[in-house]
C-alpha cells in the first residue's frame, strides 16, 4: 500500500541524493559528504547491496555475496586500508580437481589437464579471445572497427565456430559461467570481450593467485560497507525504497520514497539497471536510457557454503578448487577464513543451474549441492556442521547476480549512452564502470566518475540557480 | 509523490482484477464480467494500450498504434463484427517501390525485383526460414529438437551464414525490421521462427493482401477498445497505475494503485513484460518469472503519418508501399482510409532508426521523414497538410513497440514459464499468446486463455475459501 508523505511542504534542498547503499553509492557518499549536503536512500534494512555477510552458529561469518579482490583493483585495496580492514589470500595450494565422467582428475593452475587435442583447442580459443579483448577500448566498446560484427553474435556462436572440440567448448562455458553467472548464448561476444578486458583479461578473471579471486577481506566485504555507512550517520536512510523521481521546473529533483520525500540538485543512481527501471521518472527518462535498461538483465547465481570443523580436503593435497563438467555445482573454492578453525567449501550454481535450483525446495537444493561436494571430496563433505545458500535472483532488491549482461546488439545500439548523465541524474554502480565492470572495483570507479560529474555540475551552477552556498556544511540539515 | 489510500479498511472482495486496459485486458474483462465481480485498472487516462487514434485537424482519425488485421485472425474479425465495426482493405494496387542507390524500382508483391543472384539467395533464405518455422510448436518452442541450437544464436548470425549476398541480407533485415521493430542481432533465431510461425509464416507477416497487413478498421482499432470500455462502466478505473500487489494470508490479493486499493481472488496481468516488471509484488514473484521479464525488452518503433489532400501517388500507378535500403524510413504504406478524401502516407522508423530519432528534435525528425517521402514520391510529399508521429519507446506506459523480444537463450532457459499462472496471478497480453504473438489477435488469444484459467480456478475454489457466491452479480459493488 502507498503511504502518506511525512512532509506537507517540499523539504529543504540537498545538494545530492544518492540512491542505493551498495559499495558504489556508499563510496559516492563518502567522497561527497565533506563538501556537500547529501542523503543516501537504501531500499533494504541493510547496506551493501550485492555484498552481504552470513553469520554461522559458531559466530564466524562468510561473504554470501561478492567476496574477492585481486591485483589491479587498486581502489579496493586502498579502501580496505583506509577503513582499517585486512585481506588474506584465498587458499590456493595443492591440486585442483577437474570432475568429469564421474571421476576427478588433479591439475594445477587455471587450465585443467585434458586430452592434448582438446587442451590445444581450448588454449587456442582462449588466446584468440584474449587477443580480441585486448583490442577493446573499454570506455567505448562500440567504436571498435569490428564492434558490429562482434555485437551481432552470441559468445556461444563464436565458441561454436572457434572451438573444434566439444570438450574445449564445455570448459570455456564453465569459465564463462563462473565469470558471468550466465550461459554463453546470453552474452554478446562484444560484451564478453569488453567485460574481460575491463578486468584486464579473461585469464585474470579466472585466476586465483594473481587474479580476480586472489584475496578475501577479514570481516567480509559487507563489513566495509557497514563501516562506510557508520560515517554517514543520519544522512543514510534505510528501508527507504525510492518510488519516483520528479524534476521540478527550477531543475531540482523531488525524490519520493517509502516514508518521505527529499529535494536535491543532483542525484546519483547507484543501482543495477533492473532496479533503476522500477523507479518512476517524471518527466520520463529518454527512451534510449529506458530501452537500454530493458536490455540489461542480471545474471543468475546461487552461492552455496558448507561449514566443516576443518578443511579436511587439504590433508589429501587438494586445494578445494573444482571445475566440474557434470555439475550442478560446476565451480568450487575453499572459502575458509585464514586464522579460523572451520573449513568452508563454497560452490556456485550459475546460469542454467541457478535457474533450475531457484524454483526447487531448499532441502533438495541443499542435498544436491552437498552431493556434489561429496562426489568431489568424499562422503565426509555430505555432512557439514552448517549449510547456507543465497539465491540472488530471489532477492527482491537485487534480482540477479553478479551483474547486468548485454545480449547482442545492445552495446552497439545503446552503449554510447550507458554512463552519460541525464540532466541532473548521474550513474554509478558497477554497470556504469569502464574498469572492472561487474566487480567491486568497478563500483568504486563508477562512483568516482559520477562524483566528479556532480562536483563539476554543482561548481558550474549558474548564478540564477537556487541560492545555495555549496561549500557550506553548517546549513540546517534535513 | 505517493498518495494516501482512499480506503481505511480493506475493500470488498472482487473475483478478478485485471491490470491493463489494452485490447487484451478489455477482452478478458468482457468475457468475465457477465459472471464475476471484476475491476480493470489502467495506468493511462485512456484505454487501448498500444492501440491509439490520432485525430487530424480536419476531424479524420488515423491509427497511430497497431492498425492491421488479416486472414487467420479470427478472433479479431469476430470482435470487430460483434462490436459493430467494419474493415476495409489497405490500398494495395499499383506498383511498390524498392528504393536503393538513390532511385526507386517498381515491383509487385512481397519480394522486390533485384538482381537474379540476390533474388535467388533471398528466396532460398526465406524458404529455409519458413521450413524451420513450420517445424515449431508455438505452445512450446523450447521442446523443438533443435531448440538449443536455434536459441543460442541471433537471427543475424543465421542470416550471415545463410545468405551469400549482402543484398539478400539487407532485404531480409528490412523485413525483420518491419515485423519486429528490431535489428536481426536483437533476436534469438528461435524467437524469430516462433514469432513467424505464431502468425502462420514470415510471408504472411510481410504481406498486405492475404497477409497481416490486409485490413484496417473504420474508427480505428482504438475505437474497438473505447467501445469495449464503455460496456465496463464503473468497473474500469483510468489513471490508476498499479504500484504493488500483495498476497494476503488467506490467498486474496491486495492491489494498490494511485488513488486506491482493491482486493480480489484472482488477478490477470494484461501488460507487456517491461511494465509488469515495475510492479512490486509481495511476496516477490518467483525469480524465474522476474528474470524472464528482465529478458523481454520491447522493440523500437516510431510511427509517422503525413496527411495530403489526396493520395496523389496513386495517379502514377504507385501503391504507396516502399521498401527502402537507404532509410531512415525503410517501410512505407498508403494509410488512407477508404471513403475519406485525404491521402495518408505512413512510414516506420524501426530498430536502429527509431533509437536514433527518439533522441532527435521533433522538427528534425519530421524533416527527415518527409525527405524520405519526397524521395520516394516526389517533392509534393514534402509538404503535407499535417504530419504526426508517435515514438512508442517514449510512451511511459508502453516504452517500446510492437512487442517484447526474446534475445538468445531466453526461450530455452525461461520459456516454459512464460504463460503459467503464478498462484492467483494469471497472464494475458500479446506476449502470453501462442498464436499471433505480438499482434492484436495474440492479445485476444492470451486473454481467452487467462480467462479460462481464472474460471477454472474460481470454480474449483475450496469450500474453506472466503465465502462468496461467484455467480451472483447482485452483491454490493465496490
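Positions of Cβ are set from backbone N, Cα and C atoms, glycine also.
Per TrEMBL, domain 'Amine oxidase' is recorded for B:23-454.
For B:24, B:42, B:43, B:242, B:431, the entry in TrEMBL reads FAD binding site. Residue B:43 (FAD binding site) counts 22 other C-beta atoms within 10 Å of its own C-beta, drawing on all protein chains shown.
Per TrEMBL, the feature substrate binding site maps to B:348. Using a 10 Å Cβ-Cβ cutoff, residue B:348 (substrate binding site) registers 24 neighbours.
Largest Cα to Cα distance within the recorded FAD binders B:24, B:42, B:43, B:242, B:431: about 19 Å as a whole number.
According to DSSP, residue B:42 (FAD binding site) sits in a coil region rather than a helix or strand. Looking at residue B:431 (FAD binding site) and residue B:348 (substrate binding site), their Cα atoms lie 22 Å from each other. Confidence annotation: the domain 'Amine oxidase' (B:23-454) carries a mean pLDDT of 97 in the model.
DSSP assigns residue B:431 (FAD binding site) to a helix in the three-state reduction. Residue B:242 (FAD binding site) falls within a strand when secondary structure is assigned with DSSP. Considering only the binding-site residues B:24, B:42, B:43, B:242, the residue whose Cα is spatially closest to the Cα of residue B:348 (substrate binding site) is B:24. Within 10 Å of the C-beta atom of residue B:24 (FAD binding site) sit 33 other C-beta atoms, taking all shown protein chains into account.
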